[in-house]
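TrEMBL annotations:
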type	residues	note
DOMAIN	39-287	domain 'G-protein coupled receptors family 1 profile'
TRANSMEM	27-47	transmembrane segment
TRANSMEM	85-105	transmembrane segment
TRANSMEM	138-163	transmembrane segment
TRANSMEM	191-210	transmembrane segment
TRANSMEM	231-249	transmembrane segment
TRANSMEM	269-289	transmembrane segment
Amino acid sequence: MNSSVNVSVSSSLTYRGATETTVTRNVIVIALGLVINYINGTLLHTFRKHQIFYTNPRYILFIHLVVNDMIQLTTSISLHVFSYIFYNMNASICCFFIVVANFTTQNTPLNLAVMAAECYIAVCFPLRHAELCTVKRTYILISCIWVLSSMSIVPDIFIHLAADPLWFFYYIAYCDKDILFRHPVSLQKRVITYIMSLTIVWFTLLFIYLKIFFTAQAVNLVDGNAKKARNTILLHGFQLLFCMLTYVDPIVKNMIITWPNYLASELRFVWYIFAHILPRFISPIVYGLRDKTFKQYLKNYLLCNIRAGNKLYPGGKC
């Protein structure tokens, strides 16, 4: 009798501990998401309020990266929370989240490559920068980025619909891309797409960095533009390294499975934070706060809000 009571109490404490851990993790993830999205939302608001930003291709590309990060972060956190609440999900609903997450994941390296190309033109062809980098062409390039990103996930949907038409409506499982799109053709195509995408972007960044470096040496630039451009390309590479964490996510998860259950659970959560949450915090830090013009307008906006909150600035118009 006492033994059964002890087992019951132990099970109850274990369940309560697991529940408390789950709630704590979700609170941490949601809190981080709200903070990062608030910062990114402030950058977006600053961009929209000033013509100097929304008529400049460089800032348009930057804010596209910010919006992309916001969408990706919101989708990732939603899936994380839903995995604890529902665990299994209908394929049609899961497919929506996976498609959005995949689009935004693929967009990031492509957007970084385009930003690097704009930087290259500004340094190596300054007289033609205004002619080559126009607002219209920038939006066309952004559209091309989304089209290219669609090629990595949309074919998977048609492959599975062709193999099993009822899959989209009746299949219920844990919402994960490798589980949802488990067809061998999809798996092979995904690996090839990832390798090609990252290889092209890495070669683009390396080529542009070397071109800027040698151009600066050839003309003996004494101002800080070339140095700043090289540093920007290096930061693009740094951010791309963080983006690559998403691509190795399945490999890391398979490695974590081999660890003891109590440790594997903690490692999965820590890995999720580093691979899916923190990389979304890089854009505002690296670009928004590093750019002097954007930083000045952002500072004025924040000071204006503080004054409005303290009723020192009637009307609170920023």
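Even glycines carry a Cβ here, placed using N, Cα and C.
Predicted, not measured: the structure shown is a model, and the values here were computed from it.
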(message) Under 8 angstroms, Cβ to Cβ: which one of 85-105, 191-210, 269-289 has the largest number of such pairs with the transmembrane segment (231-249)?
(response) 269-289
(request) Between the transmembrane segment (138-163) and the stretches 27-47, 85-105, 191-210, 269-289, work out which stretch tops the count of Cβ pairs under 8 Å. (result) 85-105
(message) Taking only the residues in the domain 'G-protein coupled receptors family 1 profile' (39-287), give me the average pLDDT of this model.
(response) 84
